[in-house]
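Enquirer: Sending over a structure as structure tokens; questions will come in a sec.
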Amino acid sequence: MGCRMKVFGLDEGAAIDMSAEERLDSCQKILQVMAKSGFPCHIRSLEEAMDSSFITTDSSKDSLASTELPDLDEQSQGHRSNNGLDTDRPQPAEKPKTNGLPIDKDFKEKCIHYDESEIKLKELLKSLKSVTAKEDLIKSLRYNILIDTARKHSHTKVMTGDCSTRLSVRLLSDISQGKGAHVAMETNLDFSSKEVTLHNVLNDVESVFIPTLTTKAPQNTSIEHLTESFITGLQADYGSTVMNIMRTGEKLNTEILDSTEQQCIICHAPLDTSTGIASALNAVEFSQKISRKNDDKSSPECCGEGDGSCNTKSGRLNKEEALSTLCYGCRLMVKDLSDVNKLPEYIQRDITNRVNRSKMKADIQDYLLADD
Amino acid sequence: MPVSCSICDGKAILKRPKTGDALCKECFYYAFEEEIHKTIIDAKLFTSGETVAIGASGGKDSTVLAYTMKELNQRYNYGLDLVLLSVDEGITGYRDDSLETVKRNQIQYDLPLKIVSYEDLYGWSMDSIVKQIGLKNNCTFCGVFRRQALDRGAMMMKVDKIVTGHNADDIAETVIMNVLRGDIGRLRRCTAITTGTDGALPRCKPFKYTYEKEIVMYAYFKKLDYFSTECIYSPNAYRGFARAYIKDVEKIRPSAIIDIIHSGESLSVKKDVRLPVQGTCERCGYMSSNPVCKACVLLEGLNRGLPRLGIGKTHKERRKADEAEKAKKAAENLNSEDQKSCDNSSDQSNNRTCGSSCQCSTDISKLTLNSKPDVSKLDF
């Protein structure tokens, strides 16, 4: 029954312009706390997603659904048995570098190694105008690193320490960001009572405060930040708010996908953009079209060669094409981005592949018998 | 340097709240009207030859709705017969004034007008309800009664459809409200552009994707005559929170209102979640997801002097009332008193003291309103 547990930490210092020393310090604190859990620990940093060697999740065939739905029951049982007895813990592989504190060197090396990626990440974040979009992007990168780490260590499930307040904030802010189709994906945990168990387990563990993009920022900095203060405020007056929101989340469905082609490249949620003619998406596209002059097609990220109809052969992504591979919510984020070519390489690769494949499909469409 | 209109290069005088584009007045009217036309066509809201009632409150949304509906009906030959329908809730200092606006609109737009009042339909005006229930929860009565009143008025006018001025902000707000309340049934229904297709009169919202700010802009530049005062018995506190939240989110990202509606449209509900089944009220025949519709429960509460009967969790108040009745019945049986002793007076105070065994005829006529009375089904 025992299951293999590891603790992962993520260093997001690059996103908030922490100095190398601060990040090192923060990582050490995280590691110390994680080490107390008695599990092998790993720490990775956010800019790793910018590295050209970062593996895409889109191309791998595994169903993501299994990673989405942590079976908390099983895991907390595993947790308990591990806590109680140390006997069935022979995990010699991946001897973590945590137990002593010889980590400094490792991390210094890491910091140097990821310098280039760090710059890329900072540039990417800078080219996003709104904090909302920045947060959204960081969330996607964080998620992908988590999944990637879990895969590399052949873990089948990921458990995060989000409490119900956190989850309900995310649910509502997802809805406000046009991600209604995904909310079930993020909150679909059989949560209620187990959450308490989980909380108790975590309760007497000391914690590290990690600043984020919106720490100390005014509440209207980003949609998520605003939603957080909205919900915590409401919760103070109407105690059932968080539970009500969680109840809504529980009743929502995650679509089951038959192919990765219908997934959003960035967040891997089911594509929600093939809506009917009478839909919000259609209406908003019409509004944009009608209040601008017609035939005005000078897209700013065109390569500047030829007649402006960039294709992917020039090695640069076209924003319109990129948008076609994204869900409604991620489109909003990318629209905020001044240059799609600043996106992490793995995302660009996936977009190019998807676009090429759909072009191929369009070419041979007439000869395809079954419509899949 | 003057900003130029992004459609005609003329002098722009406004920035569209929805898209951020700078437009001149004429181009804004064009975009605004075309979008509504597109919504009407895309969602196939009407068929030629239909009579459509415009729910008119005298406020900005319904005034602009009446204006644009008339305009588009002529421009694009929808072939609709348009009428104005207003509900008089009986709120002194608010509705009486706004109804004056509707009466002016009737003349300005040359459309027939019908006003139905709570007083006539239910025997209670909002003023008298508030006297009994106070300022808390009175919005529940008003909301439930208005829904039915509009339908009843529409039936009297023999219309095929009702259009209401609900705008994108209202719908986004309702999505958020239903998430906050965990009301999955309403959450699923609230983004539908047409409701009530099963049985009752269909209602549609041509302004579903129209921003409130743009409606105000339109009314402002067209100098439309509308009434803009908040209801004196307002505020529905919880809705107010959702409203404030929407406004704040819109400030951060103007597309958020449409984004929220998109979210609402693409939410899918788990198959095993039980959703309320729409049936009809066994007392008045109006559609309802319970055996007795909310309006009848609220009315029963008012008439029996238990105004909280239909508020919040029904069973608690219901149980209290039932227990009181049981005790009363037992006492009646003991005294071998029968129903005939009950006075048939139409006096409200007398009605309130009637127990469950009372069969006051005045009560029945008031409860069944203008639909066919079905006395056998009345259980009190």
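Backbone N, Cα and C define each Cβ position, glycine as well.
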Enquirer: According to TrEMBL, B:G55, B:A56, B:S57, B:D61, B:G165, B:D170 bind ATP; which of B:V87, B:V116, B:V130, B:V144 is also listed for that site?
Expert: B:V87
Enquirer: Secondary structure at B:A56 (ATP binding site) (DSSP, helix/strand/coil)?
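Expert: The residue in question, B:A56 (ATP binding site), is coil (DSSP, three-state).
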Enquirer: Relative to the Cβ of B:D61 (ATP binding site), which residues of the same chain, six or more apart in sequence, are found under 8 Å away?
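Expert: Non-local contacts for B:D61 (ATP binding site): B:G165, B:H166, B:N167, B:F207, B:E212, B:I215.
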Enquirer: Grab the same-chain neighbours of the domain '2-thiouridine synthetase TtuA-like N-terminal LIM' (B:5-28) for me: Cβ-Cβ under 8 Å, and only residues 6 or more beyond its ends, written as numbers and ranges.
Expert: 211, 213-214, 217-218, 221, 254-255, 258
Enquirer: When secondary structure is assigned with DSSP, how many helix, strand and coil residues does the domain '2-thiouridine synthetase TtuA-like N-terminal LIM' (B:5-28) contain?
Expert: 4 helix, 5 strand, 15 coil
Enquirer: Need the DSSP three-state call for B:D170 (ATP binding site) to compare against my parser.
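Expert: In the DSSP reduction, B:D170 (ATP binding site) maps to helix.
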Enquirer: In whole Å, could you give the widest CA to CA gap in the ATP site formed by B:G55, B:A56, B:S57, B:D61, B:V87, B:G165, B:D170?
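Expert: Output for ATP binders B:G55, B:A56, B:S57, B:D61, B:V87, B:G165, B:D170: max Cα distance 19 Å.
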